[in-house]
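Everything on this sheet refers to the single structure shown next.
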Amino acid sequence: MSERSLRARVTQEVAEVIATRRVGAYQHITLVAPGVAELARPGQFVALAVGGETSGTLLRRSFSIHKVSPSGTYGGTVEIVVSAVGVGTRWIVERAPHDTIDVVGPLGKAFPLPTAPVACVLVGGGYGSAPLFWLAGELRERGCHVEMVLGAASEDKLFGVVEARRSSDGVTVTTDDGSAGQRGWVSDPLPEIIDRTKAGVVYGCGPMGMLESITRVAEAHGAVAQVAVEESMACGVGVCMTCVMPVVGSDGRTRMVRSCVEGPVFRGDRVRWDAFDGGHARVPDDAVGAPKVGGH
Amino acid sequence: MSERSLRARVTQEVAEVIATRRVGAYQHITLVAPGVAELARPGQFVALAVGGETSGTLLRRSFSIHKVSPSGTYGGTVEIVVSAVGVGTRWIVERAPHDTIDVVGPLGKAFPLPTAPVACVLVGGGYGSAPLFWLAGELRERGCHVEMVLGAASEDKLFGVVEARRSSDGVTVTTDDGSAGQRGWVSDPLPEIIDRTKAGVVYGCGPMGMLESITRVAEAHGAVAQVAVEESMACGVGVCMTCVMPVVGSDGRTRMVRSCVEGPVFRGDRVRWDAFDGGHARVPDDAVGAPKVGGH
Amino acid sequence: MVDLSVDLGRGRRLPNPLMTASGCAANGKELHRFFDVADLGAFVTKSVMADPRSGRGTPRMAETPSGMLNSIGLQGPGIGAFVEEDLPWLKSVGARVLPSIAGSSSREYAQVAATLRDSSAFDSVVGVEVNISCPNVANRGLVFACDPMASADVIGLVREQLPREIPVFAKLSPDVTDITTIASACVEAGADGLTMINTLLGMVIDTDRLRPQLGGVTGGLSGPGIRPVAVRAIWQVRQAMFEGRLPTVPIIGVGGVRTGRDALELVAAGASAIQVGTAVFNDPSAPVRVLRELCELLSAKGFERFSDAVAVAHGR
Amino acid sequence: MVDLSVDLGRGRRLPNPLMTASGCAANGKELHRFFDVADLGAFVTKSVMADPRSGRGTPRMAETPSGMLNSIGLQGPGIGAFVEEDLPWLKSVGARVLPSIAGSSSREYAQVAATLRDSSAFDSVVGVEVNISCPNVANRGLVFACDPMASADVIGLVREQLPREIPVFAKLSPDVTDITTIASACVEAGADGLTMINTLLGMVIDTDRLRPQLGGVTGGLSGPGIRPVAVRAIWQVRQAMFEGRLPTVPIIGVGGVRTGRDALELVAAGASAIQVGTAVFNDPSAPVRVLRELCELLSAKGFERFSDAVAVAHGR
Ligand SMILES: Cc1cc2nc3c(=O)[nH]c(=O)nc-3n(C[C@H](O)[C@H](O)[C@H](O)COP(=O)(O)OP(=O)(O)OC[C@H]3O[C@@H](n4cnc5c(N)ncnc54)[C@H](O)[C@@H]3O)c2cc1C
Ligand SMILES: Cc1cc2nc3c(=O)[nH]c(=O)nc-3n(C[C@H](O)[C@H](O)[C@H](O)COP(=O)(O)OP(=O)(O)OC[C@H]3O[C@@H](n4cnc5c(N)ncnc54)[C@H](O)[C@@H]3O)c2cc1C
Ligand SMILES: Cc1cc2nc3c(=O)[nH]c(=O)nc-3n(C[C@H](O)[C@H](O)[C@H](O)COP(=O)(O)O)c2cc1C
Ligand SMILES: Cc1cc2nc3c(=O)[nH]c(=O)nc-3n(C[C@H](O)[C@H](O)[C@H](O)COP(=O)(O)O)c2cc1C
Ligand code: FES
Ligand code: FES
């Protein structure tokens, strides 16, 4: 990639909120961000600044891009789906139409698309389904058969069941408590779906534990898993090294790679799931430059 | 004063903004704060928290109470007049109706009222006039003849000229640039007004330099000056000792007293104006416990 | 209900671990308008010296991102007025008092402690906090707390002046290369506990006037922005206690606490009690609010006793 | 127009005083997507050690009030890859580079400096910053920057490796009792300038899990919340230079700069150049925005030369 195109692929803009509405446990927000809208691909994300001039929260918050409309009445728009879990997301969901938010994006690598029209299964946990509908559309345009599995703890935490029916050739819903669809996890129906559709790729987005089991199921059933991870990110643009995870490279060696620029989408079988444990990720002993005592 | 009444004299409430409008260079804001409204007296102030949950600005901002309506359609209201000069005041003037602001008040000592119906001159510099109309009303209720002098750098920085005409028996306006009223300072017309009305008290609120000259003029013309000062305050409630100024006590000795609880209103001739210099106030050498090297 | 009581050493039990921070609550009357100061575990008073002091010139403060800088210069009425007016008042409303004392020489500290001990309302005193972040006139103004020997000297002399049943707390400065060395020197000299941390030395330039903003040039940095430094200091000293590098004594945590969650951070790092300082300027009721929030948090996490949460983050 | 050029010693002039901060800008490519890195006075790269390093486990960061805590553990490709890939790339886009080097022993620092010196793109290097806030394996992991002797040792060895015309900057830690002592030791050992400050040692407890939030337990505190500490450190060292307690050398200021006004604070306290670190995470274009804002501010205040504003707050 030439320097020029590298420099052109990300933008920073002050985006106006033009719509914001409650969807179950989430807030669905539409931002006018023509630059981002024009460049983005499914699987990429945006990083939003929080709190305005008096803000003591310096770090941006990352959100998968749910949808883009590169042109429209207001100029290009970008949609995100936000779960309010802490101070930053609470601030974001409280924005009213016409308020502005500073946005950087699109960031990260998009979901790779198959070159042949293979069947695909798209698995989303909670708001993790947000980027998958757009992806489903692109896959079907390429002639892929697309099925979706949406799972969540409970019905209100499912996102986009109706949209899933529109965007795909088959939808399965699971909830931990059985309040919607079948009781259980997304990994329960997955083997049957992969086998039945002879899926070549399973795309996943959701919590780490879910991505790990999707990967195992896909592997066991002959499919490739492409998973979008969610690591704690200070910068989102590749400069701080906080968002790393142990991933096996094409040379077979494990490195701590930045999930914001080399991800958030990784091939599931490349992720060193064995290193993750209750919110921590160890540096595997066989990683390049294995851990020593060191400064910060 | 009994402990009970001491404890009852201040309140903290989450106040709703019910009206906010531009008046010249200022924002006139009405807050629903029944507790404050009920207790306040002219010359007291309120301290407003800034910036909500993500705020990195911890300290409250102080504002003179312009007016209170102890009961009304919305419950008691408190009005303030805000000049947006920094991050906190900018945040406050950006609040829209129905937004809330955390308010502590009423704080400080009110203007002392004369026991006899003497003539009074009320002098306000810039938004410093804000608390004077209410005071004028109370003075006239007591049979005092009240004249007002309003001064500012330019016309847009005058506050309440129309209201002054309603609230008093005579109004003089001065501006530094002559854009309204007579060109010059509030201290220019003051000698004539004191002499003509045989004023016993001059009340002043505005920048330090102005208060000092009001004090000198009042003294020279046989009146007592009562001035409301504006010192940098971290707490506003008397616990931090940041807002001190050198003031002579009834025993003739100078002490560094807290302007938030022993002020903001002081008798002008008690303030050690000689200690002020370009935004700093020295501890006079003859002050109680004169300065030594010390911790902070 | 969570059992909030805490043992501060020398058999002193407080009903709960929440305190004001010295210099952030004056001597009680002002905050008593917002809440009953007897509801606190203890009320910590403004550091008092032997004589009345006017403190520094103004400006004495600057707001900083998530904090503030102050340079008060220990303004106060002197220990005489303190024991005659402030302490009896605090006693009259039923407060448990942790007076903070200061000095420019170790002798001054001892003198202040002695006057306190001999005062009529001394029975309201549940402990004495020794603010050793004062310049030592005998050593070119070097702050006592930056030197283990000077710190030990002060603590030793103060300890001698006070009855056995009154615990003495040394309040440490974070502005040192190794805080465990100072902590250790203080405990060896007789401190029954440690208060951590005092403010960080900082400075703000007034960019309009292009000169130091504070009359006193440098000042003390406090508020939520410094909380990570407080947590670290408490953690390090507590770790040193676990490792036997110094005897285990209670730590009073202070620095940047604004909410019950913040308090729990300091507690989990090793604090047995919590002081709320700068947050009071944002919310005058902060100490009792933090107590309530901490209590709810502990209860939600299934703790039956506050003391079980102390230092719980070690070894996890 | 204000003359923004700055002299960094050894005859090195930079077109302007704005720089990235080590570890907050990676090695150039990423930020070059947001602005032209050749527009900066200099680009400071992530501290590089002799060998590739994986750094610490995760989580590596925690947000804190007006700041953040990080514990990266100096992850990097090693000096070999740096001089083969990163430095040539920076040279290719016309950047002036201030590489930051690190080590676990003074020998490692010297070795890194030597490899740098012998590299093909070395002519893009305008100076070398020595990050002495690394644990010294030879001394129980005590950070070099906490000990004047260890600091001097590192600086002396690095200075020997580099050609005369390349200024060497010692990057100091604020976590010491007296920063002027360390500054003085570094300058005497051959440092041509000082960078102040590195992060403060801090810690955050994850109150959900009640354990340290960072994989590395403690971490470095940075961001606007620590700016008053940076201003104070710069002021103190500059004051010591005025008083002749150490030779006058340029200071590169870093710590909490988010706006042109913030930069001016550090400059007025004594900094001849400014690095922007954590603020980049909030605004990827922060370094060039701060430069623009600083320039406007200087011009509004009537300064004709940036250098006239350096240390201007002293003696006012
Ligand atoms: C690539 C990516 C895509 C994401 N997509 C979405 C999405 O579409 N919808 C959505 O609701 N959330 C999404 N998240 C998670 C979202 O970024 C976090 O919930 C949010 O940052 C939490 O911020 P807070 O201030 O509310 O929480 P706090 O806990 O107060 O945040 C404190 C700090 O931790 C970081 N942090 C906390 N939780 C997370 C997390 N889960 N992931 C990353 N950083 C975290 C914050 O960014 C902040 O720096 C995504 C995260 C990543 C990395
Ligand atoms: C008793 C009293 C009454 C006041 N009445 C009014 C009023 O009626 N209308 C009005 O517009 N302003 C009034 N002020 C001034 C007002 O409080 C300040 O303009 C405001 O605090 C500035 O905050 P900021 O965040 O916009 O400015 P910043 O400069 O960002 O504030 C930084 C810090 O300095 C303090 N500060 C800055 N300027 C002042 C000042 N002039 N006085 C006190 N503290 C200051 C702030 O409180 C804050 O802590 C009054 C001040 C006091 C003490
Ligand atoms: C205005 C002010 C005055 C202070 N005065 C004292 C004091 O007299 N004695 C003392 O030991 N600490 C004093 N401190 C330090 C506090 O007690 C506390 O240790 C520090 O502010 C950190 O806590 P915080 O972040 O909760 O404020 C003062 C702090 C402030 C902000
Ligand atoms: C994520 C991160 C990584 C850092 N890595 C380094 C480093 O490798 N070498 C170094 O000298 N300083 C490093 N620092 C410190 C910064 O260069 C800077 O000194 C410090 O963050 C204070 O500046 P700031 O407040 O502008 O960030 C790092 C800081 C952060 C936040
Ligand atoms: S979040 Fe900073 S490198 Fe990925
Ligand atoms: S503002 Fe705190 S004592 Fe007056």
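Any Cβ shown, glycine's included, is placed from N, Cα and C.
Predicted automatically and left uncurated, TrEMBL annotations should be read as such.
These figures come from a predicted structure and were not determined experimentally.
Feature annotation from TrEMBL assigns FAD binding site to A:Arg61, A:Ser62, A:Phe63, A:Ser64, A:Gly88, A:Thr89. As annotated by TrEMBL, [2Fe-2S] cluster binding site applies to A:Cys235, A:Cys240, A:Cys243, A:Cys260. Look at TrEMBL and you will find A:3-113 tagged as domain 'FAD-binding FR-type'.
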Within the domain 'FAD-binding FR-type' (A:3-113), residues counted as helix, strand or coil by DSSP: 22 helix, 49 strand, 40 coil
Separation of alpha carbons, A:Cys240 ([2Fe-2S] cluster binding site) and A:Phe63 (FAD binding site) (Å): 18
A:Cys243 ([2Fe-2S] cluster binding site) CB neighbourhood, other CB atoms within 10 A: 29
A:Arg61 (FAD binding site) and A:Cys240 ([2Fe-2S] cluster binding site), distance between Cα atoms, whole Å: 15
Cβ-Cβ neighbours of A:Ser62 (FAD binding site) (radius 10 Å): 23
Arithmetic mean of per-residue pLDDT over the domain 'FAD-binding FR-type' (A:3-113): 92
Neighbour count (Cβ, 10 Å) for A:Ser64 (FAD binding site): 24
Whole-number Å value for how far A:Cys260 ([2Fe-2S] cluster binding site) lies from A:Arg61 (FAD binding site) (Cα to Cα): 12
Beyond the site residues A:Arg61, A:Ser62, A:Phe63, A:Ser64, A:Gly88, A:Thr89: chain residues whose C-beta lies within 8 Å of the centroid, for FAD: A:Ala47, A:Leu48, A:Arg60, A:Ile80, A:Val82, A:Ile92
For A:Gly88 (FAD binding site), the one of A:Cys235, A:Cys243, A:Cys260 that lies nearest, given that the binding-site residues are compared by Cα: A:Cys235
Count of other CB atoms lying within 10 Å of the CB belonging to A:Gly88 (FAD binding site): 22
Listed binding-site residues adjacent to ligand 4, that is, members of A:Arg61, A:Ser62, A:Phe63, A:Ser64, A:Gly88, A:Thr89 whose C-beta is under 6 A away: none
Greatest inter-residue Cα distance in Å for the FAD-binding set A:Arg61, A:Ser62, A:Phe63, A:Ser64, A:Gly88, A:Thr89: 15
Candidates A:Cys235, A:Cys243, A:Cys260 (binding-site residues) - the one closest to A:Ser64 (FAD binding site) by CA: A:Cys260
